[in-house]
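Enquirer: As listed in Swiss-Prot for this protein:
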TRANSMEM  9-29  transmembrane segment
DOMAIN    96-328  domain 'ABC transmembrane type-1'
TRANSMEM  103-123  transmembrane segment
TRANSMEM  136-156  transmembrane segment
TRANSMEM  197-217  transmembrane segment
TRANSMEM  256-276  transmembrane segment
TRANSMEM  306-326  transmembrane segment
Amino acid sequence: MFKFVFKRILMVIPTFIAITLITFALVHFIPGDPVEIMMGERGLTAEVHQQMMHQLGLDLPLYQQYFHYIGNVIQGDFGASFRTQQPVLTEFFTLFPATAELAFFALFWSLLGGIILGTIAAVKKDSWISHTVTAASLTGYSMPIFWWGLILILYVSPQLGLPQGGRLDNEFWIDTPTGFMLIDSWLSGVSGAFENAVKSLILPAIVLGTVPLAIITRMTRSAMLEVLGEDYIRTAKAKGLSYTRIVIVHALRNALIPVVTVVGLIVAQLLSGAVLTETIFSWPGIGKWIIDAIQARDYPVLQGSVLIIATIIIVVNLTVDLLYGVVNPRIRH
């Protein structure tokens, strides 16, 4: 087991290095001058421009900028935002609860719905129910996030009276010590704040969780069909066990093992999908922060946010690999 864990951890190192190189290169190849965007055209002389470039370290060769950046990252310094002059880590962890809250509920409903729909589609194989679920999951997987979000805002939100953007309506003023709006609105005791926070979360969570729902549904259906054809399932039927008990207790438990392996990919999907989702719904999280940084050519924010998110995804995938190694010892050899 130790050898298996060591190999998995060792594989993370080249991945991390590749991410830093690719991120640094892509960020610096974005068209536009960050100094011009920061200062505007008014009062930006050649002397001021050169001074700002030197102050930000942008006048150095790219390889020197890269090694300087990596040296700071190793020390836990991700730099400061060009726009706000605040440390990137401080801004990231200030905004992260909003994204984490949205991603958690998107993952929760997509897991719950995907497992239920996938199981039903497998049990009702070759029926209209199975075909409908399969077609719906394919549609959900192919649907553009921005289009789906706009449809919900234009047609579903007015019908159900759901907020079209933001985490809480402006009529509510509460303290946010944790950054998690559901927790803070509950603790505040302000009448109607918690209900409004829940309503504000519904549409963004639906949009963000649609693609993961489709993935989990198809994965669960495929795994369940394979498990339901195993000999021990036929033995359980021969013993007279109820079909419901066979499906839930014996089949589903084993069918969920492959589903665990895609959780890491789903986390990556949620974090990447949050960029568009948060922009559509004016959700003040990491995704919207990244979009604003792209428009402002804020290199430290772009490099730091991508690196931190990539690290989170790597850690999640590593954890999933290790857990899968515990559940299924065969992959350790």
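Each residue, glycine too, has its Cβ placed from N, Cα and C.
On this model, are these features tucked inside or out on the surface, and what's nearby?
Expert: Nonlocal intrachain contacts for the transmembrane segment (136-156), taken as residues 6+ away from its ends with a CB within less than 8 angstroms of a stretch CB, comprise 117, 162, 164-165, 203-204, 206-208, 210-211, 213-215, 217-218, 273, 276-277, 280-281.
Within the chain, the transmembrane segment (197-217) has long-range Cβ neighbours (under 8 A, six or more residues past its boundaries) at 101-103, 105-107, 109-111, 113-115, 117-118, 121, 133, 136-141, 143, 145, 148-149, 152-153, 156-157, 161-164, 166-169, 181-182, 185, 259, 262, 265-266, 269-270, 273-274, 277-278, 280-281, 283.
Sequence-distant contacts of the transmembrane segment (256-276) (same chain, six or more residues past either end, CB-CB distance under 8 Å): 99, 102-103, 106-107, 110, 115, 145-146, 149, 208-209, 211-212, 215-216, 219-220, 222-223, 283, 285-288, 290-291, 309, 312-313, 316-317, 319-321, 323-324, 327-328.
Under 8 Å from some Cβ of the transmembrane segment (306-326) lie the Cβ atoms of residues 1, 4-5, 8-9, 12, 15-16, 19-20, 23, 27, 73, 78, 89, 92, 257, 260-261, 263-265, 267-268, 271, 286, 290, 332, all in the same chain and six or more residues away from its ends.
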